[in-house]
Amino acid sequence: MKTKTDFLKMKEQGEPITMLTAYDYPSAKLAEEAKVDMILVGDSLGMVVLGYDSTVPVTVEDMIHHTKAVRRGAKETFIVTDMPFMSYHVSLQDTMINARRIVQESGAHALKVEGAGEVISTIHYLTNAGIPVVAHLGLTPQSVGVLGGYKVQGKDAESAKKLIEDAKKCEEAGAIALVLECVPMQLAELISEQLTIPTIGIGAGQKVDGQVLVYHDLISYGVNRVPKFVKQYTSVQEEIVRGISQYVTEVKTGQFPEEKHSFTMKEEECLALYGGKQ
């Protein structure tokens, strides 16, 4: 399994880091078989798995439950788990309780937190307690209401400079990596050059140290729309609907199950069942 040290070496050597979300045993198993470097159990599960309109309703218990399943499916892959909404915007003591629960109960190797400001001290606090932390700047979905929607961040010089400052503070606080979401590629490149920790982009262009996508977006599974930054490498959704539709048709028309899908009794036992055996 790759570790923090391996990811730092990958950045130094210019080897791109691959990260993919996974939320359950089968998706994690497939991600590991595909040799993904790092798995993110994102609170995006609220939208793509649980059907919520945002990530806000996701709880600590949800993250623990799904991360445990991912750990069972990907035992040899580094796993990062999101701390959900309001689980770390509380007292440091309560933040530690939530963080400890996720790490101890789920087996996550690192936690991810969004934003800067007061979150910087949280990164420092968790790091000092021995919990690796991945920072997340740019578009931070948990704060989408404050940001005014799902918009590109850092498009003007002033806000871009603020993101650069925040990125440096995250590194100084002890973050082992930084996710940059929906920021101009020029800004992402500049931040990546100024940090020693890896940057993982999602909608941040090529000049970052790695990329992350949502599992369901990448394979077109259960999604109707995807953001501009997503490339869909396959479409399992069409095949799944086709297969289920065929199943429904065959049951309705009596084509399924066939004899080869059924079990039988010996003839004498069948006779005995119907009273034909003395």
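Just so you know, glycine gets a Cβ as well, placed from its N, Cα and C.
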For the 3-methyl-2-oxobutanoate site that Swiss-Prot assigns to ASP43, SER44, ASP82, which of LYS11, LYS29, LYS68, LYS112 is also named?
LYS112
Count the Cβ atoms, other than its own, that fall within 10 Å of the Cβ of LYS112 (3-methyl-2-oxobutanoate binding site), considering every protein chain shown.
23
Need the DSSP three-state call for GLU181 (active site, proton acceptor) to compare against my parser.
strand
Distance between LYS112 (3-methyl-2-oxobutanoate binding site) and ASP82 (Mg(2+) binding site) at the Cα atoms, whole Å?
5
Among ASP82, GLU114, all listed as binding-site residues, which has the most CB atoms within 10 Å of its CB?
ASP82
Write down the Cα-Cα distance for GLU181 (active site, proton acceptor) and ASP43 (Mg(2+) binding site), rounded and given in Å.
14
